[in-house]
Amino acid sequence: MDLTPQQLSQYNGTDPSKPIYVAIKGVIYDVTTGKSFYGPGGAYAMFAGKDASRALAKMSKNEEDVTPNLDGLDEKQIGVLNDWVQKFQAKYPVVGRAALSFNFYATSCPAAEFMVSNTVRSATSADPTIPGKLLRLLFHDCFVEGCDASVLLQGNGTERSDPANTSVGGFSVIDSAKRVLEIFCPETVSCADIIALAARDAVAIAGGPEIAIPTGRRDGKVSSALNVRPNIVDTSFTMDEMLKLFNSKGLSLDDLVTLSGAHTIGVAHCNAFSDRFQPDSKGKLTLVDKSLDTSYAEELMKKCPAGVSSSTTVNNDPATSFAFDNQYYTNLLAHKGLFQSDSVLIEDGRTRKQVEAFANDQESFFRSWGESFLKLTTIEVKTDDEGEIRRSCSFATTN
Ligand code: HEM
(Lines of atoms letter the chains of each structure in order from A and count residues from 1; the text may use other names and numbers.)
(Lines give C-alpha, C1' and ligand atoms only; values in the text may rest on other atoms or scores of the structure.)
Protein backbone atom coordinates (compact mmCIF):
# COMPACT_ATOMS: atom_id res chain seq x y z
CA MET A 1 0.00 0.00 0.00
CA ASP A 2 1.38 3.38 -1.06
CA LEU A 3 0.02 6.36 0.87
CA THR A 4 0.27 10.02 -0.07
CA PRO A 5 1.03 12.47 2.78
CA GLN A 6 -2.64 13.41 2.80
CA GLN A 7 -3.80 9.78 3.09
CA LEU A 8 -1.21 9.13 5.81
CA SER A 9 -2.46 12.13 7.80
CA GLN A 10 -5.83 10.39 8.22
CA TYR A 11 -4.13 7.84 10.49
CA ASN A 12 -3.15 10.38 13.11
CA GLY A 13 -5.10 8.91 16.00
CA THR A 14 -7.96 11.41 16.01
CA ASP A 15 -10.39 8.83 14.60
CA PRO A 16 -10.53 5.99 17.18
CA SER A 17 -11.87 3.58 14.54
CA LYS A 18 -8.65 3.83 12.52
CA PRO A 19 -5.14 2.53 13.27
CA ILE A 20 -2.32 5.00 13.99
CA TYR A 21 0.55 5.17 11.50
CA VAL A 22 3.99 6.75 11.68
CA ALA A 23 6.43 6.72 8.74
CA ILE A 24 10.22 6.67 8.97
CA LYS A 25 12.42 6.95 5.87
CA GLY A 26 9.39 6.39 3.66
CA VAL A 27 8.27 3.17 5.41
CA ILE A 28 4.90 3.28 7.18
CA TYR A 29 4.48 1.45 10.51
CA ASP A 30 1.25 0.64 12.34
CA VAL A 31 2.00 2.01 15.84
CA THR A 32 -1.50 1.51 17.26
CA THR A 33 -0.11 -0.66 20.08
CA GLY A 34 1.99 2.34 21.11
CA LYS A 35 -1.15 4.49 21.43
CA SER A 36 -0.04 5.91 24.78
CA PHE A 37 2.91 7.55 22.97
CA TYR A 38 1.45 8.36 19.55
CA GLY A 39 -2.28 8.71 20.30
CA PRO A 40 -4.00 11.97 21.22
CA GLY A 41 -2.34 13.51 24.28
CA GLY A 42 0.67 11.18 23.97
CA ALA A 43 4.21 12.54 24.24
CA TYR A 44 4.82 11.83 20.52
CA ALA A 45 1.34 12.59 19.20
CA MET A 46 2.88 15.11 16.78
CA PHE A 47 4.46 12.24 14.81
CA ALA A 48 1.19 10.41 14.19
CA GLY A 49 -0.01 10.40 10.58
CA LYS A 50 3.31 11.77 9.38
CA ASP A 51 6.81 10.83 8.27
CA ALA A 52 8.78 11.85 11.35
CA SER A 53 12.28 10.98 10.08
CA ARG A 54 13.90 14.36 10.69
CA ALA A 55 12.32 14.82 14.12
CA LEU A 56 13.50 11.36 15.23
CA ALA A 57 17.01 11.96 13.89
CA LYS A 58 17.20 15.26 15.80
CA MET A 59 15.30 13.95 18.85
CA SER A 60 13.06 16.97 18.34
CA LYS A 61 9.37 17.46 18.95
CA ASN A 62 9.15 20.71 16.98
CA GLU A 63 6.36 20.64 14.41
CA GLU A 64 8.72 21.97 11.73
CA ASP A 65 11.01 18.95 12.17
CA VAL A 66 8.21 16.46 11.57
CA THR A 67 9.15 15.89 7.94
CA PRO A 68 10.89 13.25 5.83
CA ASN A 69 13.45 15.84 4.68
CA LEU A 70 16.93 14.78 5.85
CA ASP A 71 18.84 17.68 4.26
CA GLY A 72 21.74 18.96 6.37
CA LEU A 73 21.63 16.25 9.07
CA ASP A 74 25.03 15.15 10.35
CA GLU A 75 26.35 11.58 10.58
CA LYS A 76 25.45 11.25 14.25
CA GLN A 77 21.85 12.26 13.58
CA ILE A 78 21.58 9.78 10.69
CA GLY A 79 22.90 7.13 13.10
CA VAL A 80 20.20 8.02 15.63
CA LEU A 81 17.59 7.75 12.85
CA ASN A 82 18.85 4.32 11.81
CA ASP A 83 18.58 3.16 15.45
CA TRP A 84 14.95 4.29 15.42
CA VAL A 85 14.35 2.32 12.22
CA GLN A 86 15.62 -0.82 13.95
CA LYS A 87 13.45 -0.17 17.01
CA PHE A 88 10.35 0.36 14.86
CA GLN A 89 11.09 -2.74 12.78
CA ALA A 90 11.32 -4.84 15.92
CA LYS A 91 8.20 -3.41 17.51
CA TYR A 92 5.66 -2.44 14.84
CA PRO A 93 4.32 -4.04 11.64
CA VAL A 94 5.12 -2.39 8.30
CA VAL A 95 1.90 -1.52 6.45
CA GLY A 96 3.13 0.33 3.39
CA ARG A 97 5.36 2.95 1.86
CA ALA A 98 5.10 6.70 1.42
CA ALA A 99 4.08 7.44 -2.17
CA LEU A 100 6.32 10.48 -2.37
CA SER A 101 9.90 10.73 -1.20
CA PHE A 102 12.76 13.18 -1.23
CA ASN A 103 15.15 12.42 -4.08
CA PHE A 104 12.72 9.96 -5.67
CA TYR A 105 14.77 10.10 -8.89
CA ALA A 106 18.14 9.57 -7.15
CA THR A 107 18.84 6.36 -9.07
CA SER A 108 16.43 6.51 -12.02
CA CYS A 109 17.31 10.06 -13.12
CA PRO A 110 19.81 11.69 -10.74
CA ALA A 111 19.96 14.98 -12.68
CA ALA A 112 16.16 15.40 -12.92
CA GLU A 113 15.85 18.29 -10.46
CA PHE A 114 18.91 19.98 -11.91
CA MET A 115 17.48 19.78 -15.44
CA VAL A 116 14.19 21.33 -14.34
CA SER A 117 15.85 24.17 -12.46
CA ASN A 118 18.17 24.85 -15.40
CA THR A 119 15.20 25.10 -17.74
CA VAL A 120 13.34 27.46 -15.37
CA ARG A 121 16.44 29.58 -14.90
CA SER A 122 17.12 30.06 -18.60
CA ALA A 123 13.42 30.70 -19.39
CA THR A 124 13.34 33.34 -16.61
CA SER A 125 16.43 35.12 -17.86
CA ALA A 126 14.72 35.48 -21.26
CA ASP A 127 11.35 36.43 -19.72
CA PRO A 128 11.13 37.66 -16.09
CA THR A 129 7.38 36.99 -15.96
CA ILE A 130 7.97 33.22 -16.04
CA PRO A 131 8.19 32.61 -12.24
CA GLY A 132 4.73 34.10 -11.69
CA LYS A 133 3.28 31.96 -14.46
CA LEU A 134 4.81 28.74 -13.13
CA LEU A 135 3.62 29.38 -9.59
CA ARG A 136 0.03 30.00 -10.68
CA LEU A 137 0.17 26.96 -12.97
CA LEU A 138 0.95 24.79 -9.93
CA PHE A 139 -1.96 26.30 -7.96
CA HIS A 140 -4.41 25.63 -10.79
CA ASP A 141 -3.04 22.10 -11.27
CA CYS A 142 -3.17 21.08 -7.62
CA PHE A 143 -6.61 22.52 -6.80
CA VAL A 144 -8.32 20.69 -9.68
CA GLU A 145 -7.97 16.84 -9.54
CA GLY A 146 -4.85 17.16 -7.34
CA CYS A 147 -1.22 17.73 -8.33
CA ASP A 148 -1.31 15.44 -11.36
CA ALA A 149 -0.58 17.68 -14.37
CA SER A 150 -4.23 17.41 -15.46
CA VAL A 151 -4.07 21.14 -16.23
CA LEU A 152 -1.57 20.44 -19.04
CA LEU A 153 -3.74 18.07 -21.10
CA GLN A 154 -4.89 19.56 -24.37
CA GLY A 155 -8.17 18.88 -26.11
CA ASN A 156 -11.85 19.72 -26.12
CA GLY A 157 -13.38 19.99 -22.67
CA THR A 158 -10.10 19.64 -20.73
CA GLU A 159 -9.24 21.84 -17.71
CA ARG A 160 -6.90 23.83 -19.89
CA SER A 161 -9.78 24.79 -22.21
CA ASP A 162 -11.84 26.33 -19.39
CA PRO A 163 -12.05 30.16 -19.41
CA ALA A 164 -10.72 30.20 -15.81
CA ASN A 165 -7.45 28.87 -17.23
CA THR A 166 -7.21 31.18 -20.26
CA SER A 167 -4.70 33.46 -18.55
CA VAL A 168 -2.67 30.61 -17.04
CA GLY A 169 0.80 30.34 -18.61
CA GLY A 170 4.15 28.64 -18.26
CA PHE A 171 3.14 25.58 -20.35
CA SER A 172 6.06 25.96 -22.76
CA VAL A 173 8.58 25.89 -19.89
CA ILE A 174 7.16 22.60 -18.62
CA ASP A 175 7.24 21.22 -22.18
CA SER A 176 10.90 22.27 -22.58
CA ALA A 177 11.90 20.59 -19.32
CA LYS A 178 10.03 17.44 -20.30
CA ARG A 179 11.74 17.36 -23.72
CA VAL A 180 15.17 17.44 -22.08
CA LEU A 181 14.16 14.82 -19.51
CA GLU A 182 12.78 12.50 -22.21
CA ILE A 183 16.18 12.56 -23.93
CA PHE A 184 18.17 11.68 -20.81
CA CYS A 185 15.62 9.70 -18.77
CA PRO A 186 12.81 8.51 -21.08
CA GLU A 187 9.40 7.85 -19.50
CA THR A 188 10.74 8.35 -15.99
CA VAL A 189 9.92 11.82 -14.66
CA SER A 190 6.25 12.77 -14.36
CA CYS A 191 4.87 16.05 -15.65
CA ALA A 192 3.22 16.51 -12.24
CA ASP A 193 6.66 16.47 -10.60
CA ILE A 194 8.00 18.87 -13.23
CA ILE A 195 5.22 21.40 -12.45
CA ALA A 196 5.87 21.17 -8.69
CA LEU A 197 9.66 21.41 -9.06
CA ALA A 198 9.42 24.25 -11.58
CA ALA A 199 7.17 26.29 -9.24
CA ARG A 200 9.52 25.57 -6.33
CA ASP A 201 12.49 26.74 -8.43
CA ALA A 202 10.56 29.77 -9.72
CA VAL A 203 10.11 31.01 -6.14
CA ALA A 204 13.80 30.52 -5.32
CA ILE A 205 14.94 32.21 -8.55
CA ALA A 206 12.73 35.20 -7.70
CA GLY A 207 14.52 35.52 -4.34
CA GLY A 208 12.20 33.39 -2.21
CA PRO A 209 13.11 30.50 0.09
CA GLU A 210 14.87 27.42 -1.26
CA ILE A 211 12.95 24.37 -0.22
CA ALA A 212 13.18 20.64 -0.74
CA ILE A 213 10.02 18.91 -1.92
CA PRO A 214 9.30 15.21 -2.25
CA THR A 215 8.73 13.73 -5.71
CA GLY A 216 7.10 10.61 -7.15
CA ARG A 217 3.78 12.09 -8.28
CA ARG A 218 2.12 10.33 -11.20
CA ASP A 219 0.32 12.02 -14.07
CA GLY A 220 -3.47 11.90 -14.12
CA LYS A 221 -5.44 10.60 -17.05
CA VAL A 222 -8.56 12.67 -16.35
CA SER A 223 -8.98 16.35 -17.15
CA SER A 224 -12.39 17.95 -17.36
CA ALA A 225 -13.31 21.61 -17.70
CA LEU A 226 -16.35 20.84 -15.55
CA ASN A 227 -14.05 20.33 -12.56
CA VAL A 228 -12.42 23.75 -12.84
CA ARG A 229 -15.03 26.25 -11.60
CA PRO A 230 -16.03 24.33 -8.48
CA ASN A 231 -12.38 24.07 -7.42
CA ILE A 232 -10.81 27.40 -8.29
CA VAL A 233 -11.17 30.43 -6.03
CA ASP A 234 -12.75 33.50 -7.57
CA THR A 235 -11.64 37.00 -6.55
CA SER A 236 -15.20 37.76 -5.43
CA PHE A 237 -15.24 34.94 -2.84
CA THR A 238 -15.84 35.80 0.81
CA MET A 239 -13.35 34.61 3.41
CA ASP A 240 -15.70 31.76 4.37
CA GLU A 241 -16.01 30.64 0.75
CA MET A 242 -12.24 30.69 0.26
CA LEU A 243 -11.65 28.89 3.54
CA LYS A 244 -14.18 26.17 2.68
CA LEU A 245 -12.37 25.43 -0.58
CA PHE A 246 -8.91 25.51 1.03
CA ASN A 247 -10.11 23.24 3.85
CA SER A 248 -11.48 20.79 1.30
CA LYS A 249 -7.91 20.49 -0.03
CA GLY A 250 -6.46 19.89 3.44
CA LEU A 251 -5.24 23.49 3.75
CA SER A 252 -5.87 25.74 6.76
CA LEU A 253 -6.60 29.43 7.27
CA ASP A 254 -2.87 29.98 7.89
CA ASP A 255 -2.08 28.22 4.61
CA LEU A 256 -4.54 30.55 2.85
CA VAL A 257 -2.79 33.65 4.21
CA THR A 258 0.65 32.22 3.44
CA LEU A 259 -0.07 30.95 -0.07
CA SER A 260 -1.82 34.20 -1.02
CA GLY A 261 1.68 35.65 -0.58
CA ALA A 262 2.31 34.19 -4.08
CA HIS A 263 0.78 37.47 -5.29
CA THR A 264 4.06 39.14 -4.38
CA ILE A 265 5.12 38.25 -7.94
CA GLY A 266 3.35 37.99 -11.27
CA VAL A 267 0.76 39.96 -13.14
CA ALA A 268 -2.99 40.26 -13.52
CA HIS A 269 -5.10 41.17 -16.52
CA CYS A 270 -7.22 44.30 -16.10
CA ASN A 271 -10.46 42.30 -16.16
CA ALA A 272 -9.29 40.27 -13.12
CA PHE A 273 -9.99 43.23 -10.79
CA SER A 274 -12.47 45.29 -12.83
CA ASP A 275 -15.14 44.52 -10.18
CA ARG A 276 -13.50 47.16 -8.00
CA PHE A 277 -14.45 49.93 -10.46
CA GLN A 278 -17.54 51.00 -12.34
CA PRO A 279 -17.89 53.21 -15.44
CA ASP A 280 -19.91 56.44 -14.88
CA SER A 281 -22.37 57.85 -17.44
CA LYS A 282 -19.46 59.25 -19.49
CA GLY A 283 -17.65 55.89 -19.52
CA LYS A 284 -15.01 57.06 -17.01
CA LEU A 285 -14.16 54.55 -14.28
CA THR A 286 -14.89 55.32 -10.63
CA LEU A 287 -13.86 53.39 -7.57
CA VAL A 288 -16.67 51.33 -6.04
CA ASP A 289 -14.58 49.36 -3.60
CA LYS A 290 -13.81 51.96 -0.94
CA SER A 291 -11.40 49.64 0.88
CA LEU A 292 -8.76 50.38 -1.77
CA ASP A 293 -6.16 53.15 -1.27
CA THR A 294 -7.32 56.02 -3.50
CA SER A 295 -3.97 56.84 -5.10
CA TYR A 296 -3.40 53.15 -5.86
CA ALA A 297 -6.92 53.00 -7.32
CA GLU A 298 -6.12 56.04 -9.53
CA GLU A 299 -2.98 54.30 -10.76
CA LEU A 300 -4.95 51.15 -11.61
CA MET A 301 -7.66 53.12 -13.43
CA LYS A 302 -4.97 54.90 -15.48
CA LYS A 303 -3.39 51.59 -16.49
CA CYS A 304 -6.73 49.90 -17.08
CA PRO A 305 -9.19 52.53 -18.41
CA ALA A 306 -12.64 51.50 -19.65
CA GLY A 307 -12.31 49.64 -22.95
CA VAL A 308 -8.66 48.71 -22.36
CA SER A 309 -7.27 45.84 -24.46
CA SER A 310 -7.99 42.44 -22.92
CA SER A 311 -4.27 41.62 -22.95
CA THR A 312 -3.20 44.58 -20.75
CA THR A 313 -1.72 43.55 -17.42
CA VAL A 314 -0.55 45.22 -14.20
CA ASN A 315 1.92 43.90 -11.66
CA ASN A 316 0.36 42.13 -8.69
CA ASP A 317 2.87 43.82 -6.40
CA PRO A 318 3.25 47.47 -7.44
CA ALA A 319 6.41 47.94 -5.32
CA THR A 320 8.76 44.98 -5.93
CA SER A 321 7.10 43.24 -8.89
CA PHE A 322 9.59 40.49 -9.66
CA ALA A 323 10.93 39.81 -6.15
CA PHE A 324 9.49 37.02 -4.03
CA ASP A 325 9.45 38.85 -0.69
CA ASN A 326 6.99 39.89 2.04
CA GLN A 327 6.04 43.12 0.25
CA TYR A 328 2.60 41.66 -0.57
CA TYR A 329 1.66 41.85 3.12
CA THR A 330 2.96 45.42 3.45
CA ASN A 331 0.84 46.30 0.41
CA LEU A 332 -2.23 44.76 2.04
CA LEU A 333 -1.77 46.84 5.18
CA ALA A 334 -1.47 49.95 2.97
CA HIS A 335 -4.81 48.98 1.34
CA LYS A 336 -3.06 48.07 -1.88
CA GLY A 337 -4.27 44.52 -2.34
CA LEU A 338 -5.07 44.09 -6.03
CA PHE A 339 -7.96 41.64 -5.77
CA GLN A 340 -10.84 41.81 -3.42
CA SER A 341 -9.77 38.35 -2.21
CA ASP A 342 -6.44 39.93 -1.17
CA SER A 343 -8.03 42.86 0.69
CA VAL A 344 -10.28 40.46 2.62
CA LEU A 345 -7.19 39.19 4.45
CA ILE A 346 -6.82 42.43 6.40
CA GLU A 347 -10.52 43.04 6.82
CA ASP A 348 -11.13 39.71 8.53
CA GLY A 349 -10.18 39.47 12.21
CA ARG A 350 -9.15 35.83 11.75
CA THR A 351 -6.34 36.67 9.32
CA ARG A 352 -5.23 40.26 9.95
CA LYS A 353 -2.73 39.37 12.69
CA GLN A 354 -1.00 36.87 10.41
CA VAL A 355 -0.75 39.51 7.67
CA GLU A 356 0.83 41.95 10.15
CA ALA A 357 3.27 39.31 11.36
CA PHE A 358 4.41 38.48 7.81
CA ALA A 359 4.69 42.18 6.90
CA ASN A 360 6.99 42.66 9.90
CA ASP A 361 9.10 39.57 9.48
CA GLN A 362 10.03 38.14 6.08
CA GLU A 363 11.77 35.16 7.67
CA SER A 364 8.55 34.02 9.35
CA PHE A 365 6.73 34.33 6.00
CA PHE A 366 9.44 32.24 4.32
CA ARG A 367 9.28 29.59 7.04
CA SER A 368 5.50 29.32 6.71
CA TRP A 369 5.81 29.35 2.93
CA GLY A 370 7.98 26.22 3.10
CA GLU A 371 5.34 24.37 5.12
CA SER A 372 2.29 25.55 3.18
CA PHE A 373 3.94 25.04 -0.20
CA LEU A 374 4.74 21.46 0.77
CA LYS A 375 1.07 20.91 1.57
CA LEU A 376 -0.02 22.54 -1.69
CA THR A 377 2.28 20.31 -3.75
CA THR A 378 0.97 17.12 -2.19
CA ILE A 379 -2.78 17.68 -2.64
CA GLU A 380 -4.51 14.50 -3.84
CA VAL A 381 -1.35 13.08 -5.38
CA LYS A 382 -1.89 10.04 -7.65
CA THR A 383 -0.16 6.75 -6.89
CA ASP A 384 0.35 3.47 -8.77
CA ASP A 385 -2.32 2.77 -11.41
CA GLU A 386 -4.25 5.95 -10.64
CA GLY A 387 -1.65 7.67 -12.77
CA GLU A 388 1.08 7.21 -15.35
CA ILE A 389 4.30 8.81 -16.55
CA ARG A 390 3.33 10.70 -19.71
CA ARG A 391 5.68 10.84 -22.68
CA SER A 392 4.39 14.26 -23.67
CA CYS A 393 2.97 16.55 -21.01
CA SER A 394 0.11 17.71 -23.26
CA PHE A 395 -1.40 14.28 -23.92
CA ALA A 396 -2.19 11.22 -21.81
CA THR A 397 -0.12 8.21 -22.88
CA THR A 398 -2.73 5.57 -21.97
CA ASN A 399 -6.49 5.97 -21.76
C1 HEM B 1 -6.75 32.75 -2.52
C2 HEM B 1 -7.37 32.92 -3.63
C3 HEM B 1 -6.76 33.35 -4.93
C4 HEM B 1 -7.40 34.07 -5.89
C5 HEM B 1 -8.82 34.59 -5.83
C6 HEM B 1 -6.46 34.29 -6.96
C7 HEM B 1 -6.75 34.96 -8.11
C8 HEM B 1 -5.83 35.35 -9.06
C9 HEM B 1 -6.11 36.13 -10.24
C10 HEM B 1 -7.48 36.63 -10.66
C11 HEM B 1 -4.94 36.35 -10.86
C12 HEM B 1 -4.72 37.18 -12.15
C13 HEM B 1 -4.71 36.29 -13.35
C14 HEM B 1 -4.61 37.08 -14.62
O15 HEM B 1 -5.42 37.97 -14.83
O16 HEM B 1 -3.71 36.80 -15.43
C17 HEM B 1 -3.91 35.71 -10.10
C18 HEM B 1 -2.58 35.73 -10.41
C19 HEM B 1 -1.65 34.96 -9.77
N20 HEM B 1 -1.89 34.06 -8.74
FE21 HEM B 1 -3.56 33.93 -7.66
N22 HEM B 1 -5.29 33.69 -6.64
C23 HEM B 1 -5.41 33.09 -5.42
C24 HEM B 1 -4.46 32.33 -4.77
C25 HEM B 1 -3.24 32.01 -5.32
C26 HEM B 1 -2.36 30.99 -4.81
C27 HEM B 1 -2.66 30.08 -3.63
C28 HEM B 1 -1.26 31.00 -5.61
C29 HEM B 1 -0.04 30.13 -5.57
C30 HEM B 1 0.42 29.56 -4.50
C31 HEM B 1 -1.45 32.05 -6.59
C32 HEM B 1 -0.52 32.45 -7.51
C33 HEM B 1 -0.71 33.46 -8.43
C34 HEM B 1 0.35 34.02 -9.24
C35 HEM B 1 1.82 33.68 -9.14
C36 HEM B 1 -0.25 34.94 -10.10
C37 HEM B 1 0.45 35.72 -11.22
C38 HEM B 1 0.29 34.93 -12.51
C39 HEM B 1 1.07 35.47 -13.69
O40 HEM B 1 1.96 36.28 -13.50
O41 HEM B 1 0.78 35.04 -14.83
N42 HEM B 1 -2.67 32.61 -6.40
N43 HEM B 1 -4.47 35.10 -9.01
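Placement of Cβ uses the backbone N, Cα and C atoms for every residue, glycine included.
Note that this is a predicted model, so its numbers are computed, not measured.
Within 10 Å of the C-beta of HIS140 (active site, proton acceptor) there are 21 other C-beta atoms, taking all protein chains into account. Per TrEMBL, the feature active site, proton acceptor maps to HIS140.
For ASP141, VAL144, GLY146, ASP148, SER150, GLU159, the entry in TrEMBL reads Ca(2+) 1 binding site. The Cβ of VAL144 (Ca(2+) 1 binding site) has 27 other Cβ atoms within 10 Å, all protein chains considered. The secondary structure of VAL144 (Ca(2+) 1 binding site), as reduced to three states from DSSP, is coil rather than helix or strand.
TrEMBL lists HIS263 with the feature heme b binding site. Counting Cβ atoms from all protein chains shown, HIS263 (heme b binding site) has 23 others lying within 10 Å of its own Cβ.
What TrEMBL records for 99-397 is domain 'Plant heme peroxidase family profile'.
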Non-site residues, in chain order, whose CB comes within 8 A of the mean position of the CB atoms of ASP141, VAL144, GLY146, ASP148, SER150, GLU159 at Ca(2+) 1:
HIS140, CYS142, PHE143, GLU145, CYS147, ALA149, VAL151, GLY220, SER223, ASN227
By a simple count of other Cβ atoms within 10 Å, which of ASP141, ASP148, GLU159, the binding-site residues in the record, is least packed?
GLU159
Out of these binding-site residues, GLY146, SER150, which one has the fewest other C-beta atoms within 10 Å of its own C-beta?
GLY146
Could you state the whole-number distance in Å separating the C-alpha atoms of VAL144 (Ca(2+) 1 binding site) and HIS263 (heme b binding site)?
20
Restricting to the binding-site residues GLY146, GLU159, HIS263, which ones have a CA within 10 Å of the CA of HIS140 (active site, proton acceptor)?
GLY146, GLU159
